[in-house]
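The following features are taken from Swiss-Prot:
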BINDING   R18, R67, T98, K159, R262, V263, R264  GTP binding site
BINDING   C25, C29, C32  [4Fe-4S] cluster 1 binding site
BINDING   Y31, G71, S122, M193  S-adenosyl-L-methionine binding site
BINDING   C257, C260, C274  [4Fe-4S] cluster 2 binding site
DOMAIN    9-233  domain 'Radical SAM core'
Amino acid sequence: MHTNQLVDPFGRRITYLRLSVTDRCDFRCTYCMSEDMQFAPRQQILSLEELYAVADAFIGLGVRRIRITGGEPLVRKNLLSLLQRLGERDELDDLAITTNGSQLAEMAAPLRAAGVRRLNISLDSLQRERFAAFTRRDKLDQVLAGIDAARAAGFDRIKLNSVVQSGRNDDEVLDLVEFAVERGLDISFIEEMPLGSVVSHSREQTFCSSDEVRQRIEQRHALVRSSKVTGGPSRYWQVVGTQTQVGFISPHSHNFCGDCNRVRVTAEGKLVLCLGHDNALDLKRLLRAHPGDSERLRQALTEALRLKPERHHFATDEQVQVVRFMSMTGG
């Protein structure tokens, strides 16, 4: 018999899975991957059936929230078939997707119909040239059209994600908040994760803390702490007089590890117990050596959780903490 929940050595119960369905993306965001990124051969990527087997095992062990990530998850062929199966799982309290928004104009309504409840959409700039510099793609209008389509599709909540960098887009914080407020969206501001080596900028020089961002917002808006809990690392503040909540993801300035309730599985089937550590369990090898053996998979997950570290040790200097890019991990 297997236990019906996953608990790490520090007593934290794991209820949230971030499941990457592809390492591929139609953008090349400077903080996420290199321009000449080499993607994994397709045979190394988990099949949709294998992805469902992983999700099913986690659900059987008490996971109640699943977020589908990438790369860009919406470029994965036949993704809707996986989402429909997950959307039918009554045990799940939440099925969400993180996307760059490029495919949402066509995909928003089918995603909602498949059972996706919440969307996170990356948006680092409202200025066309700056957006193109961040993403290395001139597709801001396409993303904005996708946001409009998502609003029309009737998701429970839509949240924007903005990575803030000093001297690159920190002057747009208020504009991004206004954009969210006008559309009834939430927004999270993110301190850049030190994953992979970047050449486009110096992370030390572009670091912008969540406290700095919040102070800028409070120059125009009153913020009050929110009790909102989504299962992720954001800490939320309500913009007084609006529907908008502002979140802050602060891996550097406000370590969020103490109540970590999540793990990641990469598109290649690696179980990542912590963003800040390279240790990973190869689930793909197990899945392909013992197809259909759900009990063996659950046992492997339970044993792996004994190795989950207490916290990461991210730094803001140029030392690369983890060698994999965010796109390889699952955003």
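Here the Cβ of each residue, glycine as well, is placed from N, Cα and C on the backbone.
From a predicted model like this one, the values you see are computed outputs, not experimental measurements.
S122 (S-adenosyl-L-methionine binding site) has its Cα within 10 Å of the Cα of these binding-site residues: T98, K159, taken from R18, R67, T98, K159, R262, R264. Cα spacing between C274 ([4Fe-4S] cluster 2 binding site) and R262 (GTP binding site): 8 Å, rounded to the nearest whole number. In this structure the alpha carbons, written CA, of R262 (GTP binding site) and C32 ([4Fe-4S] cluster 1 binding site) are 21 Å apart. Checked against C32 ([4Fe-4S] cluster 1 binding site), the binding-site residues R18, R67, T98, C260, R264 differ in C-alpha distance, with T98 being the nearest.
A straight line from the CA of Y31 (S-adenosyl-L-methionine binding site) to the CA of T98 (GTP binding site) spans 16 Å.
For R18 (GTP binding site), the nearest of the binding-site residues by C-alpha distance turns out to be G71; the candidates were C25, C29, G71.
Here the candidates are the binding-site residues R67, G71, T98, C260, R264. The one whose C-alpha lies nearest to that of C25 ([4Fe-4S] cluster 1 binding site) is G71. Listed binding-site residues: C25, C32, C260, C274; maximum Cβ neighbour count within 10 Å falls on C32.
G71 (S-adenosyl-L-methionine binding site) carries neither a helix nor a strand DSSP state and counts as coil. In sequence order, N100, S122, D124, F134, T135, R136 make up the list of same-chain residues 6 or more apart from C29 ([4Fe-4S] cluster 1 binding site) whose Cβ falls under 8 Å from its Cβ.
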